[in-house]
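The annotation disulfide bond is assigned in Swiss-Prot to 4-11, 58-174, 191-199. Swiss-Prot lists 26, 34, 90 with the feature phosphoserine, giving similarity to another entry as the kind of evidence.
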């Protein structure tokens with residue numbers, strides 16, 4: 001995804017190709033998200049007791065998702081599509097701010113800055129790709145535009161250093177968690193829709 005040459009009007013990419021691109025992109029986003037979490041953890045979070053404070057504190061916790069792979073297998077593909085779209089949209093705003101605020105970290109590693117910007121851009125590309133998939137799988141379907149609103153910007157900008165580092169830690173942790181869910185659901189959908197569960 002970018003799916004079509006710029007300016008092309010009647011460009012139609014096949015569903016298997018759209019899924020291939022989306023799965024590659026979601027896998028890459030999850031890989032970048034994991035890298036960022038580990039880099040942040042190593043440099044800023046060790047010994048600060050963030051783990052017990054972070055339980056159930058993602059802004060997307062209100063989006064009810066399957067508990068495990070078995071539950072995901074039992075979930076209708078339209079529901080999984082809506083979950084993916086909801087999660088991706090829920091990250092647009094926080095990723096924007098993460099990319100612009102991460103430079104304020106003391107001695108922010110350049111790799112962290114680069115990856116934060118890249119994840120922001122790739123998340124938007126993936127969202128556009130999933131919207132194209134939905135158009136092909138359910139043409140004319142009324143799309144669910146629901147997503148979770150993030151209100152964590154003041155925490156990323158607070159002068160309380162411990163609270164600020166925890167806000168970054170939690171955002172990286174939740175991003176890693178949600179990018180893994182998106183990647184898993186997409187792979188499951190690709191298997192189900194493109195290969196008729198023969199994979």
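Cβ coordinates are placed from backbone N, Cα and C, and glycine is handled just like the others.
On the structure: features taken from Swiss-Prot.
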| residue | record | CB count, 10 Å |
| --- | --- | --- |
| 26 | phosphoserine | 26 |
| 34 | phosphoserine | 15 |
| 58 | disulfide bond | 19 |
| 90 | phosphoserine | 22 |
| 174 | disulfide bond | 23 |
| 191 | disulfide bond | 16 |
| 199 | disulfide bond | 10 |
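The Cα of residue 58 (disulfide bond) lies closest to that of 90, out of the recorded positions 26, 90, 191, 199. Across the fold, the C-alpha of residue 199 (disulfide bond) and the C-alpha of residue 90 (phosphoserine) stand 30 Å from each other. Cα to Cα, residue 191 (disulfide bond) and residue 34 (phosphoserine) are separated by 24 Å. Each residue contributes its Cα atom, and for residue 174 (disulfide bond) and residue 26 (phosphoserine) these two points are 15 Å apart. Residue 90 (phosphoserine) falls within a helix when secondary structure is assigned with DSSP.
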